[in-house]
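Features reported for this protein in Swiss-Prot:
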type: BINDING; residues: H13, H15, K99, D247; note: Zn(2+) 1 binding site
type: BINDING; residues: H15, L16, R17, N41, H136, L219, H251, A263; note: substrate binding site
type: BINDING; residues: K99, H136, H174; note: Zn(2+) 2 binding site
type: MOD_RES; residues: K99; note: N6-carboxylysine
type: ACT_SITE; residues: D247; note: active site
Amino acid sequence: MRSLTIRRPDDWHLHLRDGAMLEGVIGDTSRHFARAIIMPNLVPPVVTTADAEAYRQRILAAVPKGDRFEPLMTLYLTEQTSPDDVEEGKTTGLITAVKLYPAGATTNSHGGVRDLDKAMPVLERMAKIGLPLCVHGEVTTPEVDIFDREAVFIDTVLDPLRRRLPELKVTMEHVTTSDGIDYILSADSNLAGSITTHHLIINRNAILVGGIRPHYYCLPVAKRESHRLALRRAATSGDSRFFLGTDSAPHVDPLKECGCGCAGIYTSINTMSCLAHVFEEDEALERLEAFVSLNGPAWYGLQPNDEMITLVRRDAPVAFPAKIETGAGPVTVFDPMFPIHWDVEAAIQA
């Protein structure tokens, strides 16, 4: 196959940051993606509908002229979150989901939930009104090995929560393990998972073999090869419970290349090209559209995009920049460590 035309994709997990960084990265998403669920872990975090509306306006103001892009806003769940404010956000259409960060699990998560019981009034209201909970599925207790955090979270936090509140709709974000895939597949309803571009491509060797390579460090951290292959099978299967959430997370290089570097990989600029390679390699190009354009909207109760994009397979590898320059500083672009031949040629208006 030399070309593939699909509905314009969406990104169901995206970090845009704010200020100069937002202005520097938004175009890499809006060029290809029609919508994205925007993560709320700013400093300070997006905890109220007023915060979300203000952030939404900043995002829209930064979208390059001519691009059509809709940010889908989320709230950062705290133990003080107001159920009424959450319901108002859902009613007005401002809020697409609420995000659960276990305290300390990832970048700017120190204000997250420590005692889930204190957040139950909000979760119960969300279940009642049909608002999804997006979860960063890792425990942060120091006695748990970092490579086991997801599996332990499922057993000790997520499964008990879903048994307690089975009507709550839950998105397991950036699934990284076969445990997570199997748990989603075992569920009857109200559970789905997003999968990142980079977790389909790298395993933990990318971070550790031949020296520490900080630009492959993210949270949840990449796991062993058997888990990567489980993610590949899920993503390329066409199963409607799995969809793209890039977790593209820009950090300026000095914050990555240091003694205690930040977690995050920047993939927005080359995600569609990388995914076309992955799906072609797994003989599943005909299911790429489901993963990037159809399954996510269906899960979140939205219509697929009317616009289309065309991917073309070039004879020569497509060149992507090693870094992008932003007003905040340089950001290294994800290197998949293979030649990329697929290119997004055109976005077609409906």
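Don't overthink the numbers, they just go from 1 along the chain as shown.
Each residue, glycine too, has its Cβ placed from N, Cα and C.
Considering only the binding-site residues N41, H136, H174, L219, A263, H13 (Zn(2+) 1 binding site) has H174 as its nearest partner by CA-CA distance. Taking Cα separation as the measure, H251 (substrate binding site) is nearest to H15 of the binding-site residues H15, K99, H174. Sequence-distant neighbours of K99 (Zn(2+) 1 binding site) (same chain, 6+ apart, CB under 8 A from its CB) are M39, P40, N41, T74, L75, Y76, L77, L133, C134, V135, H136.
Between the C-alpha atoms of H174 (Zn(2+) 2 binding site) and L16 (substrate binding site), the distance comes to 16 Å. Summary of the Zn(2+) 1 site environment: with the site residues H13, H15, K99, D247 set aside, the chain residues having Cβ atoms within 8 Å of the Cβ mean position are L14, I37, M39, N41, C134, E173, H174, G245, A249. Between the CA atoms of L16 (substrate binding site) and D247 (Zn(2+) 1 binding site) there is a gap of 10 Å. Cβ contacts within 10 Å of H15 (Zn(2+) 1 binding site), excluding its own Cβ and spanning all protein chains shown: 24. The Cβ of D247 (Zn(2+) 1 binding site) lies under 8 Å from the Cβ of H13, L14, H15, E173, H174, S194, T196, H198, C218, G264, I265, T267, each on the same chain and at least six residues away in sequence. For H13 (Zn(2+) 1 binding site), other Cβ atoms within 10 Å of its Cβ number 26. Counting every protein chain shown, the Cβ of N41 (substrate binding site) has 22 other Cβ atoms within 10 Å. In the three-state DSSP assignment, the secondary structure recorded for N41 (substrate binding site) is coil. The Cβ of R17 (substrate binding site) lies under 8 Å from the Cβ of V25, L42, P250, A328, each on the same chain and at least six residues away in sequence.
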